[in-house]
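Asks: Sharing a structure here in structure tokens format.
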Amino acid sequence: MNRIDAHGLKIAPVLFDFIAGEATLRTGIKPDAFWAGLAAIVRDLGPRNRELLAVRDRLQARIDDWHRIHKDTPFDISAYTAFLTEIGYLEPEPETRQIETANVDDEIGKICGPQLVVPLTNARYALNAANARWGSLYDALYGTDAIAREAGEAKGYDKARGDKVIARAKAFLDMATPLANGAHADVAGYSVLNGRLSVTLRNGDTTGLKAETQFAGYQGDANAPSAILLVNHGLHIDIQIDRAHPIGRHYSAGVADVIIEAAISTILDMEDSVAAVDADDKVLVYRNALGLMNGTLTDTFEKSGKTLTRALNPDRVYTAPDGGQLTLHGRSLLLIRNVGHHMFTDAVLDQRGAEIPEGLLDAAISGLLAIHDINGVSKRRNSRSGSLYLVKPKMHGPDEVALTCELFARVEAMLGLRENTLKIGIMDEERRTTVNLNACIQTASKRVCFINTGFLDRTGDEIHTSMEAGPMIRKGEMKTQPWIKAYEDWNVDIGLIEGLPGRAQIGKGMWAAPDRMADMLAQKINHPEAGATTAWVPSPTAATLHALHYHQIDVRKRQQELKAGGRRARLSDLLTIPVSHSNWPPEDVKQEIDNNCQGILGYVVRWIDQGVGCSKVPDIHDVGLMEDRATLRISSQHLANWLHHGVVTHDQVMDSFKRMAVIVDEQNAGDPLYKPMAPGFDSVAFKAACDLVFRGREQPNGYTEHILTERRREAKLMAQAARAFSGEADTGSPRENATRQ
């Protein structure tokens, strides 16, 4: 590659051209000024980035030594806590101080609801997520197991199933927006009279809403509106009325659908759900982000023999009760997740020819792209408060948060953005951040817009941090351990006392089974009940259904109750290490190995061979689960731990990998791009899976990215060589990195 030199940086041509020809257009930023600013950031902050990574390694070595020394003595939580304090792992908790974050959008500070995470490498999925602000409740109930399917249901539209859906939707309306008299199922017609909702029942009586303030607006003629807009707990409900519609003509009041606010916010992901290993991949990520920031992104595709084009939805316009115009945001508020401090990219090399910290590049380009939105260039405005929300993952403690804040300040200065334009979302997914969360938040007190728990990454770090303490319990038992409950409560407790409500989100993790919506409806209500203002969902449909929970729970009221009750989580529980003192029967050990190996292979083979960073992967029981690098981290670290402590042998794990490869091959038999791993077991993907376990203990903090990146680059080079040998044009990856939802 003939790199382009700019201010001491050596830049991949594809990235250089993107900045000059696309990213800087209509921003007022000259490409040369951008590279000069980035060069200064790399020069000044690059060494600090590397030093903080060295601190991680030094602390891990000290902890490993402590566990080796105390291996044959009963675990002493007091001695352990004192040790963590002595080495600087556990820092003094600062006095409580309210955050000062300003200029946040209502989706961050006021509205509680679901949050999507979508890979930025796939334009169509990113557009679907951005447009998932509003979702059809009828479709979500009809098309999933939220309502159990009966034997003999008709193909296409089944009237009996449709009746159940409509009954469920009307029961929801009765719960969220009850009438003063009667039920929504009894309504013969909706109209607007003197700025109030007038409801005619089938018996001829007239009523209204029990709480008249829940009427927010309408579309069409006041006497025969085409839509009625209601609101509950800050979330809007759009009752679509069309008596000529195939659904509406069969039911009272002509209700054709109930559209509800669903994905209030969406994280555009540059990190765990993408496989971006080189400059070409990074430019794909950045180009899609640009299209979302300036409102021009489209995606054209074939479906059922038709050519369809997706674009960002417009805002929704209603007549307000007072006769004025009410405009509601038509799209999910977009946040961007950059990579962590531990990642480096060859898209740009420094003066020494070394890869630069990838997070520096992500922050600089994210800030540049946001100018298209902040300065009003965008056709579809994202932030109306003039902020950019950057989620920063995998930070270890307040010093690393401080580095991110300084980086954001430098980006603002180089781009001429208002101070504190760049907000920080703190992923509470590493153990040292958890135990020092109060200090982390205060370090970013003028920028923090989000804290979030992530069970899987957090468990991966739990295992790696205490690798020398002993064999860990079985993976499925982790959610019952004292540390995990303390972790979830600790995050909310600290978020409340630090004053996040009204200024920042308090988030919870992903529902990983996109086909099990009945289970999600039964279980994920726990997140708003826990005081979380948002929680992750795997699809737009899941967002629509999870939104129902925020109508059931008044999160702001629940937060006040929790805050009044005082802090619940204890540090001693948080530091309780999930080691096992059991001897498992051989069949349990085999089951654990097989489950882990199958999950690792099912995810890694798509990552390496096809560049798919997040997808629905069938587990060993053929249940589709959303997999990304977080799920891979826990599985690989768990097996590495059991190997290290002699619970399993190298031969047992390798035997399982080979048996599971056959199963994974069978599960992917319908994919024309899939490359089988059996019977040779010598593919790059199979080797990568083995590396993740057999080299797992030596990976910094148990991260999987370094091995995946190394092996994906190898696979891409092999594919390029094969195309060159056959005389084919080099078209890159056979498939965009995509979430199969």
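Every residue, even glycine, has its Cβ placed from backbone N, Cα and C.
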Asks: ARG337, GLY454, PHE455, LEU456, ASP457 bind glyoxylate in Swiss-Prot, but which of GLU302, GLU429, GLU430, GLU488 does that record place at the same site?
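Replies: Among the candidates, Swiss-Prot records only GLU429 at this glyoxylate site.
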Asks: Per Swiss-Prot, which one of PRO538, PRO578, PRO585, PRO586 shares the acetyl-CoA site with VAL117, ARG124, TYR125, SER273, ARG310?
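Replies: The candidate from PRO538, PRO578, PRO585, PRO586 that Swiss-Prot ties to acetyl-CoA along with VAL117, ARG124, TYR125, SER273, ARG310 is PRO538.
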Asks: Reported as an integer number of Å, what is the Cα distance between GLU429 (glyoxylate binding site) and ASP628 (active site, proton donor)?
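Replies: Cα to Cα, GLU429 (glyoxylate binding site) and ASP628 (active site, proton donor) are separated by 14 Å.
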Asks: Looking at the recorded positions listed here (ARG124, ARG310, ASP628), whose Cα lies nearest to that of ASP457 (glyoxylate binding site)?
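Replies: Among ARG124, ARG310, ASP628, ASP628.
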Asks: Whole-number answer please: how many Å between the C-alpha atoms of PRO538 (acetyl-CoA binding site) and LEU456 (glyoxylate binding site)?
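Replies: With distance taken Cα to Cα, LEU456 (glyoxylate binding site) is 15 Å from PRO538 (acetyl-CoA binding site).
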Asks: If you measure LEU456 (glyoxylate binding site) to ARG310 (acetyl-CoA binding site) at Cα, how many Å is it?
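Replies: About 33 Å separate the Cα atoms of these two residues.
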Asks: Cβ atoms within 10 Å, counted per site: which of ARG124, ARG337 has the most, among these binding-site residues?
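Replies: Going through ARG124, ARG337 one by one, the largest Cβ count within 10 Å is at ARG337.
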Asks: Taking only the Cα atoms, work out how far ASP628 (active site, proton donor) lies from TYR125 (acetyl-CoA binding site), in Å, as a whole number.
Replies: 16
Asks: Among ARG337, GLU429, GLY454, PHE455, LEU456, ASP457, listed as contacts of glyoxylate, what is the widest Cα spread in Å, to the nearest whole number?
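Replies: Pairwise Cα check on ARG337, GLU429, GLY454, PHE455, LEU456, ASP457 gives a maximum of 17 Å.
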Asks: Who sits close to ARG310 (acetyl-CoA binding site): which same-chain residues at least 6 apart have their Cβ under 8 Å from its Cβ?
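Replies: Counting only residues 6 or more apart in sequence, the Cβ neighbours of ARG310 (acetyl-CoA binding site) under 8 Å are ALA123, ARG124, LEU127, ASN128, ASN131, THR298, ASP299, THR300, PHE301.
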